[in-house]
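Q: Quick paste from Swiss-Prot:
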DISULFID  CYS78-CYS199  disulfide bond
BINDING   HIS109, TYR196  Cu(2+) binding site
DISULFID  CYS121-CYS126  disulfide bond
BINDING   HIS189, GLN194  O2 binding site
REGION    255-284  region 'Disordered'
Amino acid sequence: MRLPSRQQVLKMLATFSLALGLFAAKVQAHGGVIGYSWDGTWYEGWHPYNTPVGQTSIERPWATFDPIMDATASTVGCNNDGNPGPNQLTATVAAGTAITAYWNQVWPHPYGPMTTYLGKCPGSSCDGVNTNSLKWFKIDEAGLLSGTVGKGVWGSGKMIDQNNSWTTTIPSTVPSGAYMIRFETIALHSLPAQIYPECAQLTITGGGNRAPTSSELVSFPGGYSNSDPGLTVNLYTQEAMTDTTYIVPGPPLYGSGGNGGSPTTTPHTTTPITTSPPPTSTPGTIPQYGQCGGIGWTGGTGCVAPYQCKVINDYYSQCL
């Protein structure tokens, strides 16, 4: 029997790895932004699996933890149809303030970019405004931070390291007014790329006078296409193991003077936290993949045999 060539082996491995990524995408939980904080205040996000009756939030409603896998979908703006919630709130934030968004779980996808956009509403409030009608500009991005496309450190990996949170500073030059802020993570571990956007309603005060240029503005849908290089990259090819460049999808960063697809990244800091001791591995009733510990966790810590409670980060331990 003739042995396969090296090229054939590499191709088979790439195909197998991609298949594993596709399988993992189906069995792993996904999620979205479930809260925001700045200046010491917590703003509760939308809870997509709770009844909408009585929910009040600065975040626009969204219905599912599932990813958006069509970059031109009508929901790609804010993971919804663009409409506000029944009891929509607005939060006030000063230009120059750092806003932190928090995801619902230990994020399972460390390979992909993080982006943050602002979209200015036409009046004094975003109440009643459909977000699909807005023009958006990007104020933050972090793509491939170091290493290679196939084995490097990505913005989403840094988000995970920051306790599943991402902090973006509102530029001090942004004009005051009513805005939507859009936090987004894109997962590249399988194709099509998985897009996870959520939006919240703001009033920005104390701003500047630098409006975004026309080249910095995009619509959603419309800002991405399914053929964008930043959405079609294959992490499992031989080239990906040596390639050190990645083009973040979307327009150029606000104020950068670029032409879009910039690899520019923004430094981010992590808020110090108090760590909790590792949970015990006493046999119990928590099933595989269940939570068994973490800061603020008041449930059980014992996993069913043969699984053990493993620390994922300070806020989350899991039966594995």
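Note: Cβ is positioned from N, Cα and C throughout, glycine not excepted.
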Q: Test of understanding: give the count of other CB atoms lying within 10 angstroms of the CB of HIS109 (Cu(2+) binding site).
A: 24
Q: Rounded to a whole angstrom, what is the C-alpha distance between HIS109 (Cu(2+) binding site) and CYS199 (disulfide bond)?
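A: It is 20 Å, counting Cα to Cα.
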Q: Would you identify which of the disulfide-bonded residues CYS126, CYS199 has the most other C-beta atoms lying within 10 angstroms of its C-beta?
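A: The largest 10 Å Cβ neighbour count belongs to CYS199.
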Q: Would you mind reading off the Cα separation of CYS199 (disulfide bond) from CYS121 (disulfide bond), to the nearest angstrom?
A: 13
Q: Rounded to the nearest Å, what's the C-alpha distance separating CYS126 (disulfide bond) and TYR196 (Cu(2+) binding site)? Just drop the number here, would you?
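A: Approximately 22 Å lies between the Cα of CYS126 (disulfide bond) and that of TYR196 (Cu(2+) binding site).
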Q: Go through the recorded positions CYS78, CYS121, HIS189 and tell me which ones have a CA within 10 A of the CA of TYR196 (Cu(2+) binding site).
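A: Within 10 Å of TYR196 (Cu(2+) binding site): CYS78.
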Q: Say you check the Cα of CYS121 (disulfide bond) against those of the recorded positions CYS78, HIS189, GLN194; which is nearest?
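A: Spatially nearest to CYS121 (disulfide bond) by Cα position is CYS78.
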Q: Rounded to a whole angstrom, what is the C-alpha distance between CYS78 (disulfide bond) and GLN194 (O2 binding site)?
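A: With the alpha carbons as reference points, the distance is 14 Å.
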Q: Provide the three-state secondary structure of TYR196 (Cu(2+) binding site) computed with DSSP.
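A: Going by the DSSP assignment, TYR196 (Cu(2+) binding site) falls within a strand, counted as strand.
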